[in-house]
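Since the structure comes first, as structure tokens, the remarks are kept for the end.
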Amino acid sequence: MWQAEVRVDLDAIRENVSWLRSGSAAELMAVVKGDGYGHGMVPAALAALDGGADWLGVCTLDEALTLRREGITAPILAWLLAPGLPLHEGVAAGIDLGAASVAQLDEMVQAGRTAGRPARLHLKIDTGLSRGGATVSDWPGLLTAAAKAQADGTVEVVGVWSHFVYADAPGHPTTDRQLAVFHEGLDMVEKAGLRPRYRHLANSAATLTRPDAHFDLVRPGLAVYGLSPVAGESFGLRPAMTARARVMLTKQVPAGAGVSYGHTYTTERDSTLAVIPLGYADGVPRSASNSGPVHLGGVRRTISGRVCMDQFVLDCGDDPVAPGDVAVLFGSGRNGEPTADDWAEAVGTINYEIVTRFGSTRVPRSYDGERP
């Protein structure tokens with residue numbers, strides 16, 4: 001018996017990946033960073049591979065090594081690498097590494113020497129996000145250093161990549177500008193004498209809306225889990241996560257009763273209150289106070305009063321509600337329950353954050369569609 005749970009439909013992940021894979025001639029990297037966007041990195045990775053993913057993408061070296069320890073042999077790219085990490089462990093495990101500066105490249109050269117095999121690198125160019133990646137002015141120097149290291153046998157340049165700013169806003173001119181910069185960067189790669197097998201730029205949004213940005217490899221993340229990166233468009237994706245809890249306690253209160261800390265909510269009539277054992281320690285944003293949608297007893301309700309660390313309250317009015325009844329915070333939406341998109345809109349964030357925070361807390365995570 002569970003008090004609260006996050007339930008993940010692995011068949012939904014398989015279905016989403018299969019559909020995404022069928023829509024492009026490019027190979028597909030399923031991004032499973034952030035504990036698989038809260039869905040569980042290893043189960044999500046295995047389901048994505050079942051669905052046809054060719055690659056897995058993660059941020060950290062630890063994430064990549066965890067996948068290897070779990071017996072996953074598919075190609076893995078890790079790209080958020082601070083100085084001083086034991087990169088030789090990644091090289092020895094056959095993990096591809098993202099490089100965005102000569103300093104990073106130098107560390108990877110040393111890692112290749114220590115591991116006794118070339119470090120497989122994906123060189124990243126900053127096409128406009130101003131985050132990771134070499135600037136356009138630094139790009140030629142990185143290419144020159146990479147070409148020399150490859151000639152020395154300490155690295156192998158496997159890929160060249162970048163990341164979009166506005167792909168979730170189809171038609172935004174920045175996307176076209178970034179694509180042009182990426183093409184210019186690829187021309188420089190060729191002039192430097194490098195011939196990487198993979199050129200990749202497309203995130204979920206570009207995978208869905210910009211086939212001209214698919215190149216050799218696409219990198220969907222959010223879409224793998226059935227959520228759309230483009231507002232107002234579902235693309236037929238199937239959400240994989242449901243968050244729910246059982247009613248812990250019900251009580252009758254009179255009209256005018258203040259509810260939860262600060263009494264920011266007051267009952268307008270005699271009402272039944274339902275106490276739900278989930279709070280901000282479990283991923284419920286405190287900003288969901290008086291705004292978060294919850295489905296209980298066949299009715300979509302709104303959190304009444306402030307979200308506490310471990311619980312929140314619903315004003316159920318005259319509706320019959322009892323301890324043990326199931327309150328669904330979000331799911332696929334097929335049965336009238338809110339979705340992660342509804343939650344994102346209610347609290348002023350994005351669906352990425354909703355599933356990642358709910359799935360990475362003390363709430364037990366369970367799975368449908370597990371395979372031996």
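For all residues, glycine too, the Cβ spot is worked out from N, Cα and C.
According to Swiss-Prot, the protein carries these features:
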ACT_SITE  LYS33  active site, proton acceptor
MOD_RES   LYS33  N6-(pyridoxal phosphate)lysine
BINDING   ARG131, MET309  substrate binding site
ACT_SITE  TYR261  active site, proton acceptor
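The secondary structure of MET309 (substrate binding site), as reduced to three states from DSSP, is coil rather than helix or strand. Counting only the Cα atoms, the space from ARG131 (substrate binding site) to LYS33 (active site, proton acceptor) is about 17 angstrom.
Non-local contacts of LYS33 (active site, proton acceptor) by the CB criterion (under 8 A, 6+ apart in sequence, same chain) comprise MET41, GLY57, VAL58, CYS59, THR60, GLU63, GLY221.
Within the same chain, residues at least 6 positions away in sequence whose Cβ sits under 8 Å from that of TYR261 (active site, proton acceptor) are GLY305, ARG306, CYS308.
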